[in-house]
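As annotated in TrEMBL:
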type: DOMAIN; residues: 10-36; note: domain 'RING-type'
type: REGION; residues: 44-70; note: region 'Disordered'
type: COMPBIAS; residues: 47-58; note: compositional bias 'Polar residues'
type: DOMAIN; residues: 192-234; note: domain 'B box-type'
type: DOMAIN; residues: 341-398; note: domain 'COS'
type: DOMAIN; residues: 400-500; note: domain 'Fibronectin type-III'
type: DOMAIN; residues: 485-712; note: domain 'B30.2/SPRY'
């Protein structure tokens, strides 16, 4: 039994299976592990079962630590676990999909969750036999005896208890229904006699679905999820599967010599791998030692050159200092000349003064045209090692994979970061990738090595990084791994998270939406203004008193407290689009009293028509709209821009626009969502429920950002 221990270990908690469940992919996982994956905040109903051996000190796996919640949290943060069943009204997302720890295939349990899974009673029995074999001398005691407790000799599967001989006779008297109970040898694993259908709890399973490869009951076949599937009788499935398994086992046993030969070959490969690895380490160490020696030699030569130049320059400057000191009174050349002047003999004076006068003239000329004998600058000795540093950082083995490149066009960072990357077209396949990220502070110590956090292994070309702080800058990089060798990291990219949590919403198709002039996408995340015939006729009738109005559309979710952020894209060729927030009372007024856009003063906050901007005001209104159109964003006159430049009110239209509403403070902010640069802010009256508001005129479109949290919505 001890030889099969590796087959009895749960791949998540790394302990012996406890109440194992069979996943749709036929792999087994502990009930408590699946429960923690799907509902980490709920208590496990089976964790207090009397028969649980996970805490039994006699268990051979008691030395293995309990399941780590940190591992489960890392699975959630890395994006390996998704929750497609979450709706906006739910408080906590209900996870229904997770990767199988055995094959990494996504397991979708649907609405029924764990209740649709069968317990693997066969595996449970084998684990129990293994525990008994491992415990050896540890006896199972009677559950009924009064002290002193006797050793159990039987276990009743109906009573789910163990008994000694005397207690069994007393609790199962002859001639009573209890005498018909099924009993086995002493055990702590009490399994039901009959396997019941998880979908129809009162029905026994009596058929086998060949499509889903699981037992089903007759109701599943008649009108359930297996109605159109091919099924067979349980006895037939038992006979066929047992025959196949027996043949496979017999084949493996017959190939035992071949297996032993291959094991020997693998042992040889392990030995060669260890030797070749050590050889590769020695060779790599030799190469680095040679590089160190070469670098040390070059360092010595270059430092010697600097030292020689320094000594030569200092010597020249000191000589010049001595010459100039001689020009001082009573010292050096001047003092000597003063002594010569005391000579009274004319012939002797002339003989000495001739040469002295030449020296004095040279000193005078050098004083008039002062120039140091050497320059103190060592600019010619500045060493630029940037290229060499890049080469050293890219130094790698010939089989090292090429670094990936982060695809900025597909990345988006909010409360979570969705990071995409790509590999070069001619690169070989990689085993997995690691995404590293770190928060950038306002002041970073250049001497300290930056601290990077890493995700779990990623087997695709994208992942989700969770738990990012608001209004913070993060750096991301990716590295690939093939055959245990990592590539250099990709170039770092920096993202700025929004100043508030993401506010997820869709366009409201019922409130104020004009189906005649606005086209809404099926998912309600894009709206387009159609400048059709009705718009043209309305423009033609302007002279007769008709009007052309803005077509408003709002979000389907309102805001009544807190700080919230959302982002969107305005189509570059849009004529005029207004974006911002508005209260429910103001929206009611707009929807019932459309304004005449032919008037130059139809809207205080337009920023797009000159007449309205003459009325520059700072009064708090129950709405704030900024005008975007013709590739420009127009800042209203009364605003205060982030840069403090009041003269420039026409800005290039950002590719993505972000809006942050601080309901409690009564302020709204507009950002360039790519750089998180503040474009415009102003006070807004948040007396009612505030909604994201959009107004379109004359052709244009708005596309909501596909927030990471919005991917968990079930669109109805």
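Backbone N, Cα and C define each Cβ position, glycine as well.
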Which residue counts does DSSP yield for the domain 'B box-type' (192-234) in the helix, strand and coil classes, in that order?
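The counts are 7 helix, 11 strand, 25 coil.
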Roughly where does the domain 'RING-type' (10-36) sit in mean pLDDT, to the nearest integer?
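For the domain 'RING-type' (10-36), the model's average pLDDT rounds to 82.
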When you scan the chain for residues with a C-beta under 8 Å from the domain 'B box-type' (192-234), skipping those not six or more beyond its ends, what do you find?
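For the domain 'B box-type' (192-234), the nonlocal Cβ contacts are 22, 24, 26, 112, 115-118, 121, 157-158, 182, 240.
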Please list the DSSP helix, strand and coil residue counts for the domain 'COS' (341-398).
34 helix, 0 strand, 24 coil
